[in-house]
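Below: the structure, in structure tokens.
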Amino acid sequence: MADTRADPAAQSELMVEDEPFFSYLDLFLFSLIAGLLVYWIIFRKKGKNIVVFYGSQTGTGEEFANRLAKDAHRYGMKGMAADPEEYDMSELSRLTEIENSIAIFCLATYGEGDPTDNAQDFYDWLQEGDADFSGVKYTVFALGNKTYEHYNAMGKYVDKRLAELGAQRIFDLGMGDDDGNLEEDFVSWREQFWPAVCEHFGVEATGEESSIRQYELKVHSDLNMNKIYTGELGRLMSFENQKPPFDSKNPFLAAVTVNRKLNKAGDRHLMHLELDITGSKIRYESGDHVAVYPINDSVIVNQIGDLLGVDLDMVISLNNLDEESNKKHPFPCPSTYRTALTHYLDITNPPRTNVLYELAQYATEPKDQENMRKMASSSPEGKALYQSWVLDSCRNILAILEDLPSLRPPIDHLCELLPRLQARYYSIASSSKVHPNSIHICAVVVEYETKTGRVNKGVATNWLKNKMPTDNGHKTTVPMYIRKSQFRLPFKSTNPVIMVGPGTGIAPFMGFVQERGWLKEQGKDVGDTVLYYGCRYKNEDFLYQEDLEEFEKTGVLTALNVAFSRDQAEKVYVQHLLKKNKEAVWRLVHSDNAHIYICGDARNMARDVQNAFYEIAEELGGRYSQDVWS
């Protein structure tokens, strides 16, 4: 379950016990080479003049960057998408040496206004550096979510900071809101951006609206099996030969030791899993997130293969037609189509409009072709059609192929266009002080019926549900790594804590409570530990009931407040219990400097809970103190 108030900090390095991998000389040489690399790739190789840097945590920022780089050819320009982590960004000033050049930034904000992992170094450098970017032309498109307090903070900061360093903004900051329709925000901004570029540089669109392939297909017939990727994220054979440190490109295969259903009744499946990290040198802290790499349902993969009439076990590579690009393949190659559709590509989310646009050419029915192109346009009719037919109906690529029988694209082009399957993040439901070699996950299995009558299943939760500790005598494993967080217990154990976490939002607080109990056992003074938990029915989905009641009985939990929303005629939620206990809540916050934590649904619950705290502060304090949320 993702935290709503304090998502992970943007640092993905794991704590390991090894000595530093690089010497200082190595690091100096690496920085020098990186600086030369950016100069060579961007400025001296056939004059790329549109460079789109992306800060991406879940892949969307990178996807948008690739689309903008691909757009460039329609305006007689040459574009490339670039990961700021791979370049010395102080070399950006050399863009002025290229005619009609622009630096575009597609930047997502993560957590409490943080940069994404791959943009962290760039962010740090912007804060500390004092470069002269006079003459550099730029624009920024920001990706965020309005339900979070620091909406699009990273995009706003970079837009402002580049101007302070002398760069020239040639188009207004774009604001993408994932709580609304991020795709629509991006398409609308992009359709205004390119005409502004044309006007600024005095160029015209070439009129080339046809699909331009980025990768070419190579079929392998006699490759050694040891040279073929089978699901690895980075190094070939990394799952057979595991080496620390473990991170997003080198996940650890953790054995599943426990997988049990948490709820006693009801039609949902809430589960508790335990992953064994013994021997991995991975360390974590309460409040951190575990990222897991799921795989797609083989039934969906096979259905796509059947519809397109292809041999899914054909060994292929998709090679970038731009030999200078640092992205040689859209996913690890060589691999089979089956591996790509199972491990590397997102086949369950509704495809974005650019995918529909590119695939439209393969529809043999003119009406299908027209509708697909219309959905990719910025016309009100097209937007409405995409919203209703794709988004509201939750149509994934399989559903689209089933409902458009005239659409049978080449599978290699489909694989080129589909976004990468992303890791899923879960708040860790354990304390490393109590469970140093085990990571606990609490999650609800996602399954729902769509407007078309299909049953859609969440990729990760259904995959995890079937991960039993032993499968025909073999250990089952989960590829995982840790993402550090700012969701932390107070530095002083004497500070009281108020935790609000209904449903699976209880996850990080299981770790917090375990840790407060451990601190007590060590003889430390521990402040009040108060939990507000909510579920539907006491006898159905009261998660960790026995554990929590035992924590209360032994005094680890000072107060356990549980709202059972449907056990009575009138619904009762956690915010109602907060208001009911307003005097005790206000005393802890106002007099005792309690720290408040909320985990769960950002859109509704978190807002209602925040309003409850506002009302308590106004009623009992006569004012609202902003540091309540600090």
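The chain as shown is numbered from 1 upward.
Here the Cβ of each residue, glycine as well, is placed from N, Cα and C on the backbone.
Copied over from TrEMBL:
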- 56-61, 108-111, 143-152, ASP178: FMN binding site (BINDING)
- ARG268, THR504, SER565, ARG566, LYS571, VAL572, TYR573, VAL574, GLN575, ASP608: NADP(+) binding site (BINDING)
- ARG424, TYR425, TYR426, SER427, CYS442, ALA443, VAL444, TYR448, GLY458, VAL459, ALA460, THR461, TRP629: FAD binding site (BINDING)
- 50-194: domain 'Flavodoxin-like' (DOMAIN)
- 249-490: domain 'FAD-binding FR-type' (DOMAIN)
- 21-42: transmembrane segment (TRANSMEM)
Worksheet entry | GLY111, TYR148, ARG268, LYS571 screened against ALA460 (FAD binding site), Cα within 10 Å - retained binding-site residues | none
Discussion item. Please give me the CB contact count at 10 A for ARG268 (NADP(+) binding site), counting all chains in the structure.
Written reply: 16
Response to the item:
Of the binding-site residues listed (GLY59, GLY111, GLY458), the greatest number of other CB atoms within 10 A surrounds the CB of GLY111
Worksheet item: Would you say which of the binding-site residues ALA108, CYS442, VAL444, ALA460 has the most Cβ atoms within 10 Å of its own Cβ?
Response: ALA108
Item to complete: Please report how many Å separate the Cα atom of TYR426 (FAD binding site) from that of TYR573 (NADP(+) binding site), as a whole number.
Response: 23
Worksheet entry | Cβ neighbour count within 10 Å of TYR426 (FAD binding site) | 24
Worksheet item: Just going by other Cβ atoms within 10 Å, which of the binding-site residues ARG424, LYS571 has the emptiest spot?
Response: LYS571
Response to the item:
Within 10 Å, the Cβ with the most other Cβ atoms among the binding-site residues TYR148, TYR151 is that of TYR148
Practice prompt. List nothing but the one residue from SER56, ASN145, GLN575 whose Cβ has the fewest other Cβ atoms within 10 Å; the candidates are the binding-site residues.
Written response: ASN145
Worksheet item: How many of the residues that make up the domain 'Flavodoxin-like' (50-194) does DSSP mark as helix, as strand and as coil?
Response: 65 helix, 35 strand, 45 coil
Fill in: Cβ contacts of SER565 (NADP(+) binding site) (under 8 Å, same chain, 6 or more positions away)
GLY534, CYS535, ARG536, LYS571, VAL572, TYR573
Discussion item. Let me check the 10 A CB neighbour count of TYR573 (NADP(+) binding site). How many other CB atoms are there?
Written reply: 18
Worksheet item: Using the residues the record lists for NADP(+) (ARG268, THR504, SER565, ARG566, LYS571, VAL572, TYR573, VAL574, GLN575, ASP608), what whole-number Å value is the largest Cα to Cα distance?
Response: 24
Item to complete: Have a look at the binding-site residues SER56, ASN145, TYR151, GLN575 and say which one has the shortest Cα distance to ARG424 (FAD binding site).
Response: SER56
Fill in: Distance from ARG268 (NADP(+) binding site) back to CYS442 (FAD binding site), taken between C-alpha atoms, in Å
13
Worksheet, complete the sentence: For ARG268 (NADP(+) binding site), the spatially nearest of the binding-site residues SER56, GLY59, VAL444, using Cα atoms, is VAL444
